[in-house]
Structure formats: structure tokens, C-alpha cells
Amino acid sequence: MSSFTYSLELVYFIFTADFSKAMSQAGPSQFQEVIRQELEYSMKVELDKILATAPSNELEHTKKDLEGFKKLFHRFLQEKGPSVDWGKIQRPPEDSIQPYEKIKARGLPDNIASVLNKLVVVKLNGGLGTSMGCKGPKSLIGVRNENTFLDLTVQQIEHLNKTYNTDVPLVLMNSFNTDEDTKKILQKYSQSRLKIYTFNQSRYPRINKETLLPIAKDVSYSGENTECWYPPGHGDIYGSFYNSGLLDNLIAEGKEYIFVSNIDNLGATVDLYILNHLMNPPNGKRCEFVMEVTNKTRADVKGGTLTQYENKLRLVEIAQVPKAHVDEFKSVSKFKIFNTNNLWIALSAIKRLQEKNAIDMEIIVNPKTLDGGLNVIQLETAVGAAIKSFENSLGINVPRSRFLPVKTTSDLLLVMSNLYSLNAGSLTMSEKREFPTVPLVKLGSSFTKVQDYLRRFESIPDMLELDHLTVSGDVTFGKNVSLKGTVIIIANHGDRIDIPAGAVLENKIVSGNLRILDH
């Protein structure tokens with residue numbers, strides 16, 4: 001069979017267009033199948049060329065990665081249009097999403113240590129800090145009193161182990177981007193009271209959007225080839241965890257559940273009430289998969305939501321929604337909750353489903369433009385999408401405090417401020433804050449990079465009474481500034497605003513000529 005290629009737009013057209021008026025039923029399906037076979041053949045040829053460049057010590061690992069990618073690419077070519085039938089989406093049954101208060105009301109058993117000893121904490125540690133102007137793993141960015149995300153995680157688990165005399169290990173799922181730097185840092189925890197394990201998620205080739213072929217020509221991923229490869233999303237955890245051998249080792253040690261969360265979510269701490277509910281279910285039937293959800297605000301309208309779909313709980317992401325229903329999906333009144341990506345999953349269930357190749361996750365097509373202008377796509381999956389593959393799944397509607405992600409310097413300002421107090425690695429909202437909600441903070445592009453952000457604050461302002469802060473342009477803050485109510489500070493192009501030390505701004509607009517107006 002000859003090797004030829006089609007652009008992504010043409011493939012989408014071929015797979016989704018309605019040819020019924022022009023061709024018989026057999027015609028288009030056969031045509032589509034020929035196209036698919038040609039594309040898969042072309043991909044196989046290219047992947048074989050890449051594999052042939054692997055050194056002997058990397059051969060087996062590279063082969064597994066490329067086999068996994070080939071399966072994902074095959075599914076990508078099979079799927080047509082949005083992956084959900086909007087007409088089949090239903091509200092989840094009442095008992096399928098439990099309020100956290102009900103879980104907590106059950107209290108804790110006397111033998112909480114024996115329950116904790118069945119737990120493993122897994123942090124998703126594949127991301128870089130590039131969106132915040134940092135090089136290296138995002139988990140190594142200082143977020144509070146010079147503690148990094150990783151420091152705080154270690155402190156939390158160490159505190160648990162000391163308090164209850166337990167042996168809860170920490171597992172980090174690294175990517176090829178973060179593995180080396182993370183392993184160097186781990187040496188500093190050698191005296192800490194916890195075991196730390198790591199495994200790597202897969203390394204997949206980016207695809208040229210026009211040709212649908214890999215842009216990589218060999219297995220190397222340094223220098224010019226850095227942009228040729230990507231980690232395929234956190235849905236890769238199931239296969240990589242299983243392939244690493246770590247899953248079997250932890251089961252052999254008597255571990256039963258993993259608590260999975262993003263390492264940049266500072267609210268994702270081990271919750272003893274949820275763990276007890278898993279280990280000692282009130283109806284005697286254990287859940288294999290629990291997803292923590294929380295109530296949507298206007299800032300969360302794009303977040304994935306739990307629905308009932310073909311008699312199963314299913315996570316629906318905005319990318320899967322037909323365009324005509326996107327506004328409905330974003331509705332806070334219809335879809336009130338979203339996925340925090342704090343997940344509790346039975347190890348034995350992962351092993352069973354992995355061995356049967358029965359974990360089904362929708363493919364996320366992530367378009368990127370590389371530095372040189374080349375348009376590529378990444379095929380990814382999301383860990384929460386597997387919920388429909390597990391038995392007896394459950395959603396738990398948790399307080400907003402369990403979702404405290406730091407994606408931007410605006411988020412960083414919140415967690416560094418006096419809105420939160422730090423205790424044993426955990427952040428809790430200050431009791432002095434009168435409202436349970438977090439202020440809305442929008443820092444402009446001058447604050448995007450962490451080093452620029454830190455330079456613009458002599459000290460972090462008092463934000464206990466702040467509702468909303470918008471800052472745009474060349475603005476700096478002196479020491480001991482207080483921000484209250486709604487504060488908007490806008491330095492026009494060419495202007496600079498220095499908020500003086502000790503200033504108290506309450507319901508003020510500060511404009512480019514330094515006038516302070518009542519808001």
C-alpha cells in the first residue's frame with residue numbers, strides 16, 4: 001500500500017460530512033475505511049523509523065510508548081464528531097452525588113490508622129511552570145514562605161504519618177519534562193517520614209496538523225527535538241502506573257486505594273472522612289471510583305461536569321459538547337457542579353480494567369503552535385474520564401476549599417496572602433475573613449512571570465476584606481498595603497503607578513495619572 005497523507009480538516013470533513021445524497025450507504029463508509037487504513041499505515045511506517053533510532057537500553061520503553069500512541073491514534077481516526085449524544089445526557093440520580101456534610105457526619109472509626117495504611121497519595125507532576133515564566137517542574141515553584149508545591153505535599157503526608165503512626169507513601173507521576181529535576185530534589189526528603197516513589201507517564205510524538213504524521217524523526221527529546229514530544233495528559237496514569245510495576249508492588253504491600261490530584265491544587269489534602277466512607281461504606285458495597293466535585297461559580301463554567309449517561313456516571317468536558325449546546329453546558333443553573341480532579345480509585349480495579357484493556361477515555365485533541373509557527377496536535381486523555389469504566393462510582397460534593405489550584409500569578413497572590421494560614425503543609429482560610437468565598441483577582445501581563453510578579457510586591461498586601469482586584473500596566477506595591485472591597489488599578493501605556501507603603505485602598509479606582517476616585 002502506498003503512503004499518502006490528508007490534512008486534518010479533510011479527515012474531519014470525510015468523517016463527519018453527510019454524503020447520503022451523493023453516494024450509496026456502502027460508498028462513503030468504504031471510502032472512509034480506505035482513508036483510515038492509509039493514514040494508519042503511514043503512521044506505522046513513521047513510528048517504525050523512529051523506533052529504529054532508539055538505543056538498546058531505551059528500546060523496550062520506547063516500544064511501549066509508541067504502541068500506546070498507535071492505539072490512541074487508531075481511536076482518534078475512528079471517532080466521529082462530538083463524543084456525546086446530547087439527547088442522552090441526564091441529571092445524575094440523587095444518591096450518585098453525595099454531599100460532603102453527609103459523609104463527614106458519619107464521623108471517624110477508632111482504627112483510623114489501619115484505614116490510612118491502605119492509602120497511597122498520587123500527585124500528577126508532569127507539568128512545567130512555563131505559563132508562569134518558570135523553567136523546570138511547576139511543583140518546584142515557591143508558593144508559600146519559600147515552600148514549593150512539593151514541599152507542602154511532603155509536609156502534609158509526613159504530618160499524617162507522624163500523627164497516626166502510619167505509612168502513607170507519596171507517588172509522583174512525572175513526565176520526561178519533569179523527571180530528572182524532580183529526582184534531584186527528592187534527595188532533600190531522605191530523612192522525612194514517608195516513602196516517595198516515582199514513575200513516568202508516556203512520551204508521545206506530536207503530529208503535524210496538515211500531514212497527520214509525527215514531526216519527530218528520531219527518539220531524542222533534547223535540543224531541537226524538545227518540541228517534537230509531549231506527555232499525553234493525566235489519563236495516561238492507568239497504563240503507565242500499571243506498566244511501571246509500581247501498581248503491583250503497592251497491592252502486594254496491602255494498599256487498596258489511591259488519592260490522585262494535581263500537585264498545584266493546594267486544597268487537595270487527604271480527607272479522612274472520604275477515606276473512611278470508601279473503606280467502610282454504609283451499604284457494605286465499596287466504590288471503585290470517587291470524584292470530588294464542587295459547586296460552579298462564574299469562573300468555572302468551562303469545567304467538566306458529572307452527568308448520567310447510558311445508566312453510568314460520566315464526566316462530560318466542554319470539548320465533547322456539540323457547538324449548539326455549549327451555552328447550555330456552561331449554565332450554572334443546569335450544571336451546578338464541576339470536577340476538581342481530586343479522585344479516589346481502587347487499585348485492584350485499575351489492575352483488573354488495565355489487564356482487560358477496558359478503560360475507556362475520550363480523546364482530547366489539543367492544538368498547539370510551535371515556536372517556529374508549525375501547527376501540531378496532541379492526542380490526550382483525562383484521568384477523570386475513566387469514571388464510566390469503574391463499578392459503583394460516586395461523586396462527592398466537597399467544599400470549595402478543596403479546590404485551590406495555582407495556575408497563574410493571580411492565584412499565587414491569593415495563596416501567599418493573609419487570606420490563608422499554613423499549618424503542617426495545609427492551607428486553611430483565615431477565620432478573620434468574613435466571607436467564605438475567595439476574592440476575584442486579575443493581574444495584568446506585567447505580572448505573568450513569577451520573577452516579575454515578586455519584584456512588583458515589596459510585601460503581599462492585606463487582602464482579608466478584598467472582594468475584587470484588577471491590576472493592569474506598570475504597577476508596584478509598597479510594604480503593608482491594605483486592599484478592601486473593589487480595587488481597580490490601571491497604569492496606561494507609558495505611565496507607572498507606585499502604590500505607597502502603608503496605603504489603604506478601599507473601593508477605589510487608581511488611574512494612570514494617580515488620581516484616586518471613589519468607586
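Every residue gets a Cβ built from N, Cα and C, even glycine.
Some features that TrEMBL has for this protein:
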BINDING   Lys138, Gln201, Gly233, Asp264, Lys407  UTP binding site
BINDING   His234  substrate binding site
Report, as a single number, how many Cβ atoms besides its own are within 10 Å of the Cβ of Asp264 (UTP binding site). 22
Under 8 Å by Cβ from Lys407 (UTP binding site), same chain, sequence gap 6 or more: Ser131, Asp264
For UTP: widest Cα to Cα gap among Lys138, Gln201, Gly233, Asp264, Lys407 in Å: 21
What are the non-local neighbours of Lys138 (UTP binding site), defined as same-chain residues 6+ apart in sequence with CB under 8 A from its CB? Gly127, Leu128, Gly129, Met132, Phe149, Thr178, Ile263, Asp264
Can you check which residues sit near His234 (substrate binding site), meaning Cβ under 8 Å from its Cβ, same chain, 6 or more apart in sequence, and list them in order? Leu124, Gly126, Met173, Gln201, Asn262, Asn341, Thr381, Ala382, Val383
